[in-house]
Amino acid sequence: MGRKNRPRQRSRGLFWQGWGAGYSEIIKENKLFEHYYTELKIVPEGEFEEFMQAMREPLPATMRITGYKSRQEAVSMIPPLLMKIEPQHKILDMCAAPGSKTAQLIEMLHSDMDIPFPEGFVIANDVDNKRCYLLVHQAKRLNSPCIMVVNHDASSIPRLYFDQDGKKDILFYDRILCDVPCSGDGTMRKNIDVWKKWTTSNSLQLHGLQIRIAVRGVEQLAVGGRMVYSTCSLNPIEDEAVIAALLEKSEGALELADASADLPGLKYMPGITSWKVMTKEGQWFSDWSEVLKSRHTQIRPTMFPPTDPEKLASMKLERCMRILPHHQNTGGFFVAVLVKKAPMPWNRRYPKLQMGECPADAPVEAVEGESPAEGNPSVPDTPDLLEVKKDDVCGPPPPKKMKLFGFKEDPFVFLTEDDPIFPPVQAFYDLSPDFPKLNVLTRTREGKKRNLYMVSKELRNVLLNNSERMKVINTGVKIWSRNTDGEQFGCAFRLAQEGVYTLCPYIRARILNISVEDVKVLLTQENPFLSKLGDDAHNQAKKLGMGSIVLRYLPDPKDLNAPQCPIDLCGWRGKTSIRAFVPRNERLHYLRMLGVEVFRDKQGKRNDGSTEIPEGSAEDAEGLSQEADLLEQEGEEMEQNGSESNANGPEPIGTNRLRTELCRSDLGGQSLTRPALAAILVAEKVNDTLTRSQSYPFFSL
């Protein structure tokens, strides 16, 4: 009997029991886990049952709100806050995907809203090529010209170079986020599979990788810089053991900083100074001398605390922070802040030499990076492991060869100042003389340039000096898109909404000042006639020729009911009408800022019963569900494919300048000078930005 002809079996007495009905209940128990952490005593005495009960409870959802609402675990927000980011800092995020912490770093970099190009930048790296595109998608929402996504193994991420004062120097980072891969037993509340998969062998296998990544990080850290090491694991093998190994290798070059005052109100347990190592069979070792030779490949000396009491005390491991789930209803987390006081000892004693040079008595006090092997990336940054190995102390890890893999990216081609593209564009938009033409790039070497992107001066420097040394997935923010219809009006390139806040400081023409009511008309009607605008905007529009324009709203301090932040929209001045080229999500966002709520059902239709539309625009609001073909091209197509040929990866990213709802009532009427980037100044300082669904008492900043 065919499947289609089989008689249906009636379900008697079956009712909807919710999602998950019919699946066996997940047992949230792991005796080995409980035994292990009971022995290690990381939980205060008398609190272990409460600790285990919290681990079995579902993790509350938390949102970080800075214009966009991003779902991010509360404890995951801690590392960027401890980095003390300033606009001029050069920042490396070593293991960045999926990108929630990277987004925080970008926001902090743009804390001064009056600076379109901060001196600093963020280089976000991940070893997984596919996860790099997830990272691109996350960072793309912020539209920053100061972010670059690269694809490398963090333990062998290449040393970069840049031009400074006419010579090529090594690039050292002011801040490094080292959020390493870990066993993740602090995430049991949201990753339920960890309950049945957890074993001590996970930590033993990851320990070496974590040290290699951390060592590579401190090698590239500038003297005086800060590196934040973090894991979502509670295991000291992945936490204090790695920090202790770093401090021991550094011979005083690194110092564990006291960050307790940086987050007042945060409840945490200080780092521990004594722990044991357990195999997956349950065998315990208190010291390296107890480990059988047959287990030396699984258990390493760096997994144990230092045996010298004075050395252990000098490390001040108690300055590490371990967040326990039951203290603030969060996930488990570990974080430590390292400050670099001097070059690493192996760089100081073994300066890199040019190929062919081999002096008999090399200076032992050479400063780190003083004699770089320029143009020779094959020369390792660290000496041979055997040369620096001491008794029972592992030296710097041996370098790995850089491997490039994944999709082939389109090239990043910078335009020259005399490129024929610029004269018509400069004349049409009346660009100011200080417009940085050299920072404009495209993603094709031949044929017509479809899109133009912009990066900061510093990232341009990095790109030009390291194109063969690193694999760049994405960088830059799109500022112009080719529009063949525009050629008849004098310019073949129209403005792109994602780059409008980066470009506007240099545009002196094609600007139409509009009111709040004009913004509502432009965002709720597809192609309103010029007569639909207010008298002032109408008169301005009649004086403008056809083509791409900037629609600018400036706040009125006397009208406290209106948004107190400026809004710049890309638009098109037609023959008799005017139109805003704004993607759907941004339209809805701006409308909500203006007090207009547009609700839609699953089919995308407007729900008249719950929609509030200004008088005279109810019918035109239907246009929100029908995005223009140009917007669809610009948004969905490029987001999926992303390069100039639309074949190789996500579009060059950038940062939306944080168009934020916080500029309204959430900030208590504070006036923001630019849509959103000010949100970071407040969002990181208020408790309710950490979560809107669960109150977390820590971070009373």
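These residue numbers are counts, starting from 1, taken along the chain as shown.
For all residues, glycine too, the Cβ spot is worked out from N, Cα and C.
Mean pLDDT across the domain 'SAM-dependent MTase RsmB/NOP-type' (1-341) comes to 91 in this model. What TrEMBL records for 1-341 is domain 'SAM-dependent MTase RsmB/NOP-type'.
The feature S-adenosyl-L-methionine binding site is assigned by TrEMBL to C95, A96, A97, P98, G99, S100, K101, D126, D153, D179. Every protein chain shown contributes to the tally, and the Cβ of D153 (S-adenosyl-L-methionine binding site) ends up with 19 other Cβ atoms within 10 Å.
A C-beta separation below 8 Å, combined with a sequence spacing of at least six in one chain, links C232 (active site, nucleophile) to V75, S76, C182, G184, G186, T187, G331, G332, F333, F334. The feature active site, nucleophile is assigned by TrEMBL to C232.
As annotated by TrEMBL, region 'Disordered' applies to 366-393 (among others).
The region 'Disordered' feature in TrEMBL is assigned to 603-656 (among others).
According to TrEMBL, the feature compositional bias 'Acidic residues' maps to 629-639.
Remark: K101 (S-adenosyl-L-methionine binding site) has S76, M77, P79, P80, D93, L177, D179 as non-local neighbours, by Cβ distance under 8 Å and separation of at least 6 in sequence.
Less than 8 angstroms from the CB of A97 (S-adenosyl-L-methionine binding site) sit D126, D128, R131, C132, L134, L135, each of them six or more residues away in the same chain.
Under 8 Å, Cβ to Cβ, and six or more positions away along its own chain, C95 (S-adenosyl-L-methionine binding site) finds N125, D126, V127, A154, C178, D179, V180, P181, I213.
Taken over all pairs of the listed S-adenosyl-L-methionine-binding residues (C95, A96, A97, P98, G99, S100, K101, D126, D153, D179), the Cα spread reaches a maximum of 20 Å, rounded to the nearest whole number.
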